[in-house]
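Working notes, beginning with the structure itself.
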Amino acid sequence: MTQALQALIDQAWEDRTSLSPKSAPADIREAVANVIGQLDAGTLRVAEKQGKDWIVNQWVKKAVLLSFRLEDNAPMSAGGFAQFYDKVPTKFANWSGDDFAKAGFRVVPPAVARRGSFIAKNAVLMPSYVNIGAYVDEGTMVDTWATVGSCAQIGKNVHLSGGVGIGGVLEPLQANPVIIEDNCFIGARSEVVEGVIVEENSVISMGVYLGQSTKIYDRETGEIHYGRVPAGSVVVAGNLPSKDGKYSLYCAVIVKKVDAQTRAKTSLNDLLRGD
């Protein structure tokens, strides 16, 4: 079933310029709807960790992108307090109290999640936004005005602080989703975009900006990473001097490494303030 579904999505992607809400064949519509439904239920993911590596299911991402070609904009309501005009319905549009109780997470108004996103048990959505294809795992807090971009993968027991931006894959088009692994803390107003991976047990301080071109400087070793924050890193915003010493450019600085036990026993303030 999955192989046949993947083959149909891959072919539809090749023919995407010819697809529209009026012209798309029924089998393609059904295939895309199937994928979006599985993403919504958490039975299918855009990216999965296999061993130490993350594997991106590109065909699933293609289905998300195709879904925008297959639907017209339509009026929709959210909680009865506002009207919207969009191609993707909200995740909770037709949910009952029993549906929320079974799902086992909290949604604080006016948080919005799009259909095709998955929210696991014991997660909390403060007034925030979770886009289509995103996966938010158990025990994670998405704090006020934080944004989880399309297809982003957020691990267990993560805290996305107020105003955090987790980039998506739709606009601008990205090859791989942003991944925040288990037990990470992302400080207020920080941005993680362009498929950057923040590995488990890491702490990102307030106001840190991470993209594929951002230098991530380890002050203990002098090593520079791109696109990946190593596990257990404590990261703050910083600058590195130019070779001629005339100017400096923004970077992120790994000020220390901590293991899971230290991370659990030490307050965030102590981690960020300590030498």
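Cβ coordinates come from backbone N, Cα and C, glycine included.
According to Swiss-Prot, the protein has these features:
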type	residues	note
BINDING	Arg106, Asp143	substrate binding site
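In three-state terms derived from DSSP, Arg106 (substrate binding site) belongs to an extended strand segment.
Asp143 (substrate binding site) falls within neither a helix nor a strand when secondary structure is assigned with DSSP, and so counts as coil.
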